[in-house]
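Colleague: If you scroll down you'll find the structure; I have some questions about it.
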């Protein structure tokens, strides 16, 4: 995709993910498990059939020396004539040639300083996103709201309302991503998650560990959790997909994507287990203190290490990262522990 709309398209993937949650929760509320499964199957088939007729990306064809197919593919996606995409195809060729000349082994991800730094940034984003409470909020929405809503919402209502809030804020992120930039949105997201989690932690601590009457402030946890859902949806969650596709060069992107997916699965399972144990043996406030800590952790590290990729091609991003690494010779000693 074009650099000017690439971020917006990436966030649309997360938008549709939220739409899927809303459909699943809504259908599951009013139908049986069997009917929910059949409806989900129909929707999956409706997705697969048109996908079969979509051409591969021009990068894919250039990597396999199928230049005519690459030109045709780029013309299709740009809605331009072959002559109008000729210069962009040459840029793609140059970029692919550079990547072919580089090491494409599994170890190259861990031996190349730039690729390793990109992986480090992605892992920070993943850790921050998961351990500020994204998966825990989804998985334990019913329990969380049962302690805060005072019976105003049913379990099904909680799931649907939560998904709708995520979806609405993701629409805002889709609009802002190309106007504000990725870096700014992620940092705003981290700070917002920090404030929201801290507010919830203070409320739950006072409610559980003191004799102070908080009945007049029952709106506080609802506002805090709603604020968290809003802030995580405008930066951390949708932009993780965008950064994964923008930071890594072609020769390490697939390996990095696999590692990132595995990390998300492990981190999510770990966070869910920790959440349950802390809630059971300590108190709900300890979970939100943990979320607050990781929000602060992510804010500091992402402010230091995360680059801005707005309106830049893959080639430009890689060249800038390489240039920055080679120029900042004095920074090499600081990066050494990370690289190892």
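The backbone N, Cα and C atoms fix where each Cβ goes, and this holds for glycine too.
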Colleague: For the record in TrEMBL, which of the ranges 12-30, 69-87 is the transmembrane segment one?
Modeller: 12-30
Colleague: Examine the ranges 142-159, 160-177 and name the one recorded by TrEMBL as transmembrane segment.
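Modeller: When 142-159, 160-177 are checked in TrEMBL, transmembrane segment belongs to 160-177.
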Colleague: Name the range, of those listed as 12-30, 36-53, 184-206, 218-243, that has the largest tally of Cβ pairs under 8 Å with the transmembrane segment (288-306).
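Modeller: If we count Cβ pairs closer than 8 Å to the transmembrane segment (288-306), 184-206 scores highest.
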